[in-house]
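Each remark here refers to the structure printed beneath this line.
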């Protein structure tokens, strides 16, 4: 009966009893030497028991995993659905559309390849390098656009001289302001007068010269403002300039580069670095990259050369025939014909605009920045995701946006103007320069570019008020694709009427 009650524990207890008894007998018979023997017996038992425990635990874990796997297989057979959204639904959170983008690119290439083949079969090869050169030069012995670029150094040196005199107190603030105003006014009017009145100036050469002078105007205006702020801080006996007023924090300058403080920045080297740098906003200490990356520089140079040749080729082969076929007075075209020519012009114009954007804002500006070790490479943001017209104009041209925000929009707000008035003034300034860069080289003033820019104000209100998300983005893309060729078509029409309206060949 006693054996039956102890049966569940018999194996373990029996093993322990035998070992204890054996150890006791050995100790009694052999004295001290039995102790070592008993210890060895205990050690052998412990090792053997640990191995058995490990084997048992492995067997139990294997059995559990097998049961879990079997349970999962049974669950999969019984249920294969769960609550989830479709990938194309906005609630799914799925954003990886790389394959769709690649498909769009392939379809775009194939469709335009068909148009390109049709163009080749209809017109033949129209690319002519001599004609490209004639766009810049009417007379090989007369280079007015190049002369204008050389003369631009006069305005740069006048601005530097004025700031030096102001820093020494030789000029009063009013005198310096007056000199800057005269210098900037002549900077805009002098090249326009040369383009309008010099017969050997071509439209393309005039547009490039005016574009460079416009950039220089914005740079020198920023140079004037920043040095004025520095003088105001010096007058207030400020020991350090804040980052917002063009003196960076110390952590931005590594490798032992030393900060420049006013008036130590008023040097020819500093001035021409700013003139050549890919920015419109002046700072005393620009962020600098640690070194020039030769491979990066060569890649950008290759892109510049490739895309400029591609732009010239597509313009001569694709755009020029369409524009020539559109040279017809509007009164001789019905609405359907005008719409057809507008749509024919929209696709090549838009593709050339995208190529120009990449060539200028990515390849060319990064090449210049790398060559000058200019650190701020944010020349554009994700304007292609714009859901409003305002977001597009704020992000597609970051250097201009920074200049407008820093030197025009915020000063108007500080003077008490409302946000709507200040924003309208920014669009008005942009519209003026758009018209300046188009009408003056063409030598005709029709205000189509000005009207197109001012029309962005009501368009921005309409898109922001009634369209959201993808619909707003589609509206922005439509305004870009249709708006530009419509302005081009208007200028082509006016050019035709001006030059061929009397029946001259």
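Cβ coordinates are placed from backbone N, Cα and C, and glycine is handled just like the others.
Note that the coordinates shown come from a computational prediction; the quantities given were computed from them, not determined experimentally.
Noted in TrEMBL for the protein shown:
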{"type": "ACT_SITE", "residues": "434", "note": "active site"}
{"type": "TRANSMEM", "residues": "100-121", "note": "transmembrane segment"}
{"type": "TRANSMEM", "residues": "141-162", "note": "transmembrane segment"}
{"type": "TRANSMEM", "residues": "174-198", "note": "transmembrane segment"}
{"type": "TRANSMEM", "residues": "204-221", "note": "transmembrane segment"}
{"type": "TRANSMEM", "residues": "301-323", "note": "transmembrane segment"}
{"type": "TRANSMEM", "residues": "416-433", "note": "transmembrane segment"}
{"type": "TRANSMEM", "residues": "445-463", "note": "transmembrane segment"}
{"type": "TRANSMEM", "residues": "475-493", "note": "transmembrane segment"}
Cβ-based contact of the transmembrane segment (204-221) with the transmembrane segment (445-463), 3 or more pairs under 8 Å: no
Quick test of the contact rule: Cβ under 8 Å, at least six residues beyond the ends. What residues does that give for the transmembrane segment (174-198)? 144, 148, 151-152, 155, 158-159, 162-163, 165-166, 206, 209-210, 213-214, 216-217, 220-221, 224, 436, 440-441, 443
Sort out the residues at least 6 away from either end of the transmembrane segment (100-121), same chain, that have Cβ-Cβ distances under 8 Å to it, and list them. 317-318, 321, 347, 351
